[in-house]
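One structure is given here, and the rest of the page talks about it.
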Amino acid sequence: MNPFQKNDSKETLFLPVSTEEVPPRPPSFPKQPSPKICGSNYPLSIVFIVVNEFCERFSYYGMKAVLTLYFLYFLHWSENTSTSVYHAFSSLCYFTPILGAAIADSWLGKFKTIIYLSLVYVLGHVIKSMGALPILGGQMLHTVLSMFGLSLIALGTGGIKPCVAAFGGDQFEEKHAEERTRYFSVFYLSINAGSLISTFVTPMLRGDVQCFGKDCYALAFGVPGLLMLIALVVFAMGSKLYRKPPPEGNILNQVVKCIWFAISSRFKNHSGDNPKREHWVDWAAEKYPKQLIMDVKALTRVLFLYIPLPMFWALLDQQGSRWTLQATRMNGNLGFFVLQPDQMQVLNPFLVLIFIPLFDLVIYPLVYKCGINFTSLRKMAVGMILACLAFAVAAAVEIKINEMAPHQPDSQEIFLQVLNLADDEVKVTVLSDENNTLLAESIKSFQNMPHYSKLHLKTKSQDFHFQLKYHNVSVYTEHSVEEKIWYTLIIREDGESISSMMVKDEENKATNGMIAMRFVNTLHEEVNVSLGTDASLIVGEDYGVSAYRTVQRGEYPAVHCRTKNEDFSLNLGLLDFGAIYLFVITNRTSQGPQAWKMEYIPANKMSIAWQLPQYALVTAGEVMFSVTGLEFSYSQAPSSMKSVLQAAWLLTVAVGNIIVLIVAQFSGLAQWAEFILFSCLLLVVCLIFSIMGYYYVPLKPGDVQGSTDKQTPQIQGNMIDLETKKTRL
C-alpha cells in the first residue's frame, strides 16, 4: 500500500505541489556575534545608529522650524506662497522614501544606501545655507540655491527614512526579540529628543544672532547641516560592528506587478467565460504564487483603510506653516521668557514625550476598566476628532487676533492722523471740495494721537483742504490723497507761522511680529541712525522723514547716532511685538538730542500662550492616531509586506501636504475660515473612516502569521519544495 495515499484516519504527509513561479530568495547574511553593551544583549552597534538618528532628526526639524519665516522675511514671499512651498517640500520628503526603499532592497542594501544618501543630505544643507547668505548674489540666486538645496535634503532625509530603523532592527538576533522591541522605543525617543532640542535652538540662532545686519538664517541652516555631517560620521564609525544584510529584492515592485496583472486580467476576461474568482487579486493566480496573492489580499484590506488618512496629516503638518504664521501676530512675552514664533513648534515633540506614557499607562487602562472596548480603529477616530477640535480652537484664536488688529481702509476711504510738532496747540479742520467740515480737533504740541481718523472719499483720489489755526494765525493748505492708504499730516514750525506736509504710511500694516519704525528729524543737519545693521538709516535735516525699518522685538536703550559735528545716543525703550513706532529727533533740552516716541499701531496684545490648547489637542490626536495607526497596520499585514506598508503610510503624509498646498493656493479664504474648512473636512472624513472601520473585520495575529504555515509548495525547475505536516506513521 502506498504510505502517502489519503486516509481519513491519518494526516497527510505532503501537500499538493504547484507549478507557480517563485522569486528566488536572497541568501541570508551571516549572523556573526557582535560586541554587546555592558554585558547585556544589546549590540554595541545600535549606539551609533541611535546617535545618528538623533543628529539627523535635529538636522531635519531644526532646518524646517525656521523655513516658513525664511520664505516670508528673507525671500519676501507671500504667506500663501510660503505655506505652499513649505508643504510641497514636506510632501517631497514623504515621497522619496519609496525611492530609498527600492534602492536599499534591490541594489545597495541598507548600509550603503544610508551612507550615500547622507552625503546627498549634507550637500543639500551646504547649498541651503549658502542660499541664506545675503552677500551672495540677489534674490533670484537665493531662490535657486534654496530650492536646489531643499530638493537634495528631501532626497536625503526621505531616502534614509525607511532604512535606518530597519537597519537597527537587523543588528539583533531573533532570540533577542524583547531587546529589539525596547530598542525601537529608544529609537523613537531619539527622534523626539532631536526634534525637541532643535525646534527650540534653531529659532534662537535665527533671531538672537545677527548676520550681515539681519536675522541669521545662514547660521540657523548651517548648524543643522553640521549636525547631519556629525550623524554621517558617527554612523560610518560603526561600520565594522554592523551586521549588514544583503539586498532582499524589491517586494514593492512585486506587489505592484501582481496588482496590475490582476486588474488587467480581470478586464480582459470580463465576458464571463472564465469562472468567477473569490477575490479580484485571485486573477493573478495564473502568474504569481499563491502566498504572494494571499499577502497582497491582506495588504489591500489595510490600504483601503488608508484612503481617508491624508486629511489628518493635512491638519497635523500645519503646525510648521499656518500656526507659525499665526504666532507671528501674537505676543511672545511670557514674563519669564520671550518665545519666538517658530519656537512654539517645540510643544509638539515635548507633549509627545509626555502623552505617550500618559496614554499607555493611565488613560487607556482606565478606559478598559470602564468596560469600553477601545479598539485601534476607535482610537484613530478619536484622534481625528481631537484634531478637528484643535483647528476649531485655532480658528477662534485667529478671530480674536483679527478683532484686536487695526482695521484696514476700504475702497474710497483713508485713515488720517495729525502729528503736531509745533511748540503750541494747533486746531485742525479738514474740509472737502464743497468746504464741508470732515474733521475738526485741537491737537496739543507733541500729543500722542490715540487712533487714526477715517475719512470718506467721493472718488479713488481727492483733494482735501486743511485749515490750521496757530496762535492768531490761520494757515490754509491743500493735499491730495488716494484711497486705501494711511496718512500722517505733520505740522511743523515755519518761522512765526506753521506749515504742514502729508506723509504716506503705506507700510503701516501688520508686520507679522516684527517691529516697524521711522524717524522724523527736527535738527538742522542730517542724522545717521545705526540700528545694529550694516546699512545705516539716513534722516534728512529740517523735518526729514526716513523710510520704515523693521527690527526685532527688544530693549533699545542706546541707539548710536551721528551728525556731521557730533555723536550721540537715543533711548528708544522697549519695542514690542508687532508695533509700529514714530520717533521724532528733537533738541529741546540741555541734555542734547532726544527721541520722542509715538506708537502708531499698538503691539500685539494676544499672548502666544493661547496657542497651547490647540497644540495640546492636536498632539493628543497625533498620539492616538499615528502611533496606534502604525501599530494596527503592522499587526494586520503579513511579515513580507511590512516595508510596502511603511511606504504606503508615508505616502498618506505626502498626500496630506499636497492637500494643504492646494487649499493655500486656491481657496482664497480668510485664515479663520480656512481653519474651519479643514476642521469640517476632517470631521466628514472621520465619519467615513468610522463607517469603514465598523465593517472591517480585523485579522488575528495567528491569521497573519499562519498564512506561512498554509503555504502551497512550489516547483522550481526539477526541484520540488515539499512542506511537511504533522504525521503519524
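Heads up, the Cβ atoms here are built off N, Cα and C, so glycines get one too.
Per TrEMBL, these features apply:
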- 58-78: transmembrane segment (TRANSMEM)
- 84-104: transmembrane segment (TRANSMEM)
- 116-137: transmembrane segment (TRANSMEM)
- 143-164: transmembrane segment (TRANSMEM)
- 185-205: transmembrane segment (TRANSMEM)
- 217-237: transmembrane segment (TRANSMEM)
- 298-316: transmembrane segment (TRANSMEM)
- 346-368: transmembrane segment (TRANSMEM)
- 380-397: transmembrane segment (TRANSMEM)
- 647-668: transmembrane segment (TRANSMEM)
- 675-697: transmembrane segment (TRANSMEM)
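When each of 116-137, 143-164, 185-205, 217-237 is checked for Cβ pairs under 8 Å to the transmembrane segment (346-368), 185-205 comes out on top.
By number of Cβ pairs under 8 Å, the transmembrane segment (647-668) is matched best by 298-316 from the list 143-164, 217-237, 298-316, 675-697. Ranking 58-78, 84-104, 675-697 by CB pairs under 8 A with the transmembrane segment (298-316) puts 675-697 at the top. Here the transmembrane segment (143-164) sits against the transmembrane segment (116-137); at least 3 CB pairs are under 8 Å, leaving out pairs fewer than 6 apart in sequence. Residues 48-49, 51-56, 58-60, 62-63, 66, 70, 74, 114-115, 118-119, 121-122, 125-126, 128-130, 132-133, 156, 198, 201-203, 205-206, 209, 211 of the same chain sit 6 or more residues outside the transmembrane segment (217-237) yet have a Cβ under 8 Å from a Cβ within it.
Sequence-distant residue pairs (6 or more apart) of the transmembrane segment (116-137) and the transmembrane segment (58-78) include at least 3 whose Cβ atoms are under 8 Å, placing the two stretches in contact.
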